[in-house]
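Marked as region 'Disordered' by TrEMBL: 1-23. The domain 'Homogentisate 1,2-dioxygenase N-terminal' feature in TrEMBL is assigned to 2-263. Residues or ranges marked as domain 'Homogentisate 1,2-dioxygenase C-terminal' in TrEMBL: 265-418. Per TrEMBL, the feature active site, proton acceptor maps to His276. Positions annotated as Fe cation binding site by TrEMBL: His319, Glu325, His355. The annotation homogentisate binding site is assigned in TrEMBL to Tyr334, His355.
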Amino acid sequence: LYMSGFGNEHVSEDPRCPGALPEGQNNPQVCPYGLYAEQLSGSAFTCPRPTNKRSWLYRILPSVCHKPFKPLKEGHLTHNWDEIEPDPNQVTVLERPLGLHTLCGAGEPRGRNGIAIHIFVCNASMLNRCLYNSDGDFLIVPQQGKLLITTEFGKMLVEPNEICVIQQGMRFSVEVFGETRGYILEVYGAHFELPDLGPIGANGLANPRDFLVPVAWYEDRQVPGGYTVISKYQGKLFAAQQDFSPFNVVAWHGNYTPYKYHLEKFMVINSVAFDHADPSIFTVLTAKSTRPGVALADFVIFPPRWGVADNTFRPPYYHRNCMSEFMGLIKGHYEAKEEGFQPGGASLHSMMTPHGPDADCFEKASKAKLEPERVAEGTMAFMFESSLSLAVTKWGLQTSNRLDKNYYKCWEPLKSHFNPNCK
């Protein structure tokens, strides 16, 4: 079960304990059922109301009941962007090994400004352990396999072609059902919002009602062998032990929650005359920077749609961008590179590095008979776009041995069609 709405004030209590929410106040002297009241703040207390984020949780034991945190090996999770010299070349990642690996990023969590992009492959569930991110928000894009995510707010089943956001500080555990893989965009210092629609008007793109929030669910479970709570803090991992499940929230209310969204719900807007609208019209969520109109990170999709533009080269145009573009493919074939970009793969086109359709795509699209056609049918590609200049990690460039070193060759067959005597 879920509740719908983006950023709404939600109220939920487990039906096993009716009346668990205090009436008329947040922090009574004695809470119903002997629960503890705990506030989770996702913004400064004094933020303006439109950006003020917090929820009140009513739990069997407060989250403070744990042993001290101790360092935990973080493997290939990093925010060290200086471990290797910068490389502006176009990068494509092929299949991935088991684990969670940081591929690229910029900024740093202590200054509360930056992003990191991770890729993951796993085949085992998190048993008697959970994670929370002190550094920022996780936007998770599963590409293969379902994720059953238990949070302090309830449970979410997230499948390929859906996304979920686990915001800063929220404890969660993941159950998988066989090999599972996907992508994670981590944002430091900002929360995701719906993009402003401007002249589009009140409706379109990702509609607020299609975002789903879990309903309250709790377990009163003792763990004699110890339950492990993992904190991602300043880019490092730390583990603490406690003897009970942290998913002991019987009721909650507030506007600071995890949520999920199905990408097929996106209402696509496209050109119906000629030329392209800029890909910003495909933005699902944005994390704003301090500069108006400039995103710290955007989550953009390229879903199935109609292409009807007249006298127009319809695939994505050749481009040099002041933003960094990380592309992933959930399913299907990306229209600009039908053969060289496989589901589960990724590419990074760094700031101001040229990119665009490969030679085969250009030749076909330049000669195609233009009539209404379905574009990207059976496909879902996406982009993490950032105003930051992203550095690729040492694992991404060297250790992984997963780069397509021949990626640049897809443009080599492009030839000159220039003829000064033929307009």
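Here the Cβ of each residue, glycine as well, is placed from N, Cα and C on the backbone.
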Any same-chain residues 6+ apart from His355 (Fe cation binding site) with CB under 8 Å of its CB? Would you list them in sequence order, or say none?
Gln90, Tyr318, His319, Arg320, Glu325, His349
What is the interatomic distance between the Cα atoms of Tyr334 (homogentisate binding site) and the residue listed as 'active site, proton acceptor', given in whole Å?
17
Residue distribution over DSSP helix, strand and coil in the region 'Disordered' (1-23)
0 helix, 7 strand, 16 coil
Set of same-chain residues at least 6 away whose C-beta sits under 8 angstroms from His276 (active site, proton acceptor):
Ala309, Thr312, Pro316, Tyr317
What is the set of residues, excluding His319, Glu325, His355, whose C-beta falls within 8 angstroms of the centroid of the C-beta atoms at the Fe cation site?
Pro316, Arg320, Asn321, His349, Thr353, Pro354, Gly356
When the pLDDT values for the domain 'Homogentisate 1,2-dioxygenase C-terminal' (265-418) are averaged, what is the result?
91
Just to be sure I understand the packing, how many Cβ atoms besides its own are within 10 Å of the Cβ of His319 (Fe cation binding site)?
14
